[in-house]
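Notes for the one structure printed next.
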Amino acid sequence: MTNVVVVGSQWGDEGKGKIVDWLSERADIVVRFQGGHNAGHTLVIDGVSYKLSLLPSGVVRPGKLAVIGNGVVIDPHALLAEIDKLAAQGVKVTPENLRIADNATLILSLHRELDGIREDAASNSGTKIGTTRRGIGPAYEDKVGRRAIRVMDLADLDTLPAKVDRLLTHHNALRRGLGEAEISHQAIMDELSSVAERVLPFMDTIWLLLDRERRKGARILFEGAQGTLLDIDHGTYPFVTSSNTVAGQAAAGSGMGPGSLGYILGITKAYTTRVGEGPFPTELDDEIGRFLGERGHEFGTVTGRKRRCGWFDAALVRQSVAANGITGIALTKLDVLDGLDELKICVGYTLDGQQIDHLPASQAQQASAKPVYITLEGWKESTVGARSWADLPAQAIKYVRQVEELIGAPVALLSTSPERDDTILVTDPFED
């Protein structure tokens, strides 16, 4: 038995929700370890859809403990709204099934406002990143700047005013420079006071809790958000998120040692998508790109934004396999490729007349790199709902085997529809 870390191996939206749901049924604890409510997914359980952005997937399953680790930035208003929405669907979220790290950073209204102000200014200058405007980046900035308000601060009203003053010294200077009105000390105190009573019962010392449960033999599932190519260090900077999204962050963002992580499962879409700005070597602006978007229902769970679509990029996923130490992948949305006459896979790039096997870190070089493709025959048969290799067309199996060879990692699970049971299990990550 081992613990499992789930990470996205592309630019997010790989289908982590279904796979995490499938795995969470067998886990005892599900841990979020980075990001915020800027990425979401939909779980379908007994025909009921649950849309989650901040809460770990385990929260909708009876008998599971959901944990929000110290690596997550938490908007308390979004947290409570999500809890209330689940309550309306008959799911009770209580301190019995949800624990939140006492040292996790809070996202406040001033973070959301700053995020929006910056994006508006960047849109006018052509330097937009394409954030969700939810305050994630500004909150991480305050965390690194050692001026953040953390969950534990809600319980210490004696020292909170001085911390708010320190926070506002920074933010009001920024706002003056941007031509925006300053924020009053009382406004932030009122905002924090309005959520403290409901948030504090969930607070816990997470590293201690997880260490205790690990020693008892609990199965722990670490649930990543976004994808490797959006990692602040390893992604297509600056068109990235504001946290580390790679598997190593599961340790740092939860307070557990790296030796506790176990099986690293990379969720990998059978083609490539991206939301927002940034380089995308295999992007298709043609009829095939539109086909992938429509067949794959490529719209964001949180923002509703249309996703850009393109061919599978084995060179990028190969990089993700290395950066995460991926043990095996879950290949999703294979069924979306049904009916295409031929399929292309990117195996590298040409840059300045030279062929290279990885995407450089340089923004200018990323923009100039051109994909090098191999072409495979497609298949006309349907793979929708396939639950065994015998249900798959020969060409679909050939495509999967080619992906494995090119990325240097085996397929552990294969998903053939949004339904959780339409999954071909090759290797059980918890038993590896």
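Glycine residues also receive a Cβ, built from the backbone N, Cα and C atoms like all the rest.
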Swiss-Prot IMP site partner of Asp13, Glu14, Gly15, Lys16, Asn38, Ala39, Gly40, His41, Arg146, Gln226, Thr241, Arg305, selected from Thr2, Thr132, Thr159:
Thr132
Counting every protein chain shown, other Cβ atoms within 10 Å of the Cβ of Gly40 (Mg(2+) binding site) number 19
Diameter of the IMP binding set by C-alpha atoms, the set being Asp13, Glu14, Gly15, Lys16, Asn38, Ala39, Gly40, His41, Thr132, Arg146, Gln226, Thr241, Arg305, in angstrom:
35
If you run the three-state DSSP split on Lys306 (substrate binding site), which class comes out?
strand
Here the binding-site residues are Asn38, Thr416; the one whose Cβ sees the most other Cβ atoms within 10 Å is Asn38
Taking only C-alpha atoms and a 10 A limit, tell me which of His41, Gln226, Gly304, Lys306, Arg307 are near Asp13 (active site, proton acceptor). These are the recorded positions.
His41, Gln226, Arg307
Quick check on the binding-site residues: of Gly12, Gly15, Gly304, whose CB has the lowest count of neighbouring CB atoms inside 10 Å?
Gly304
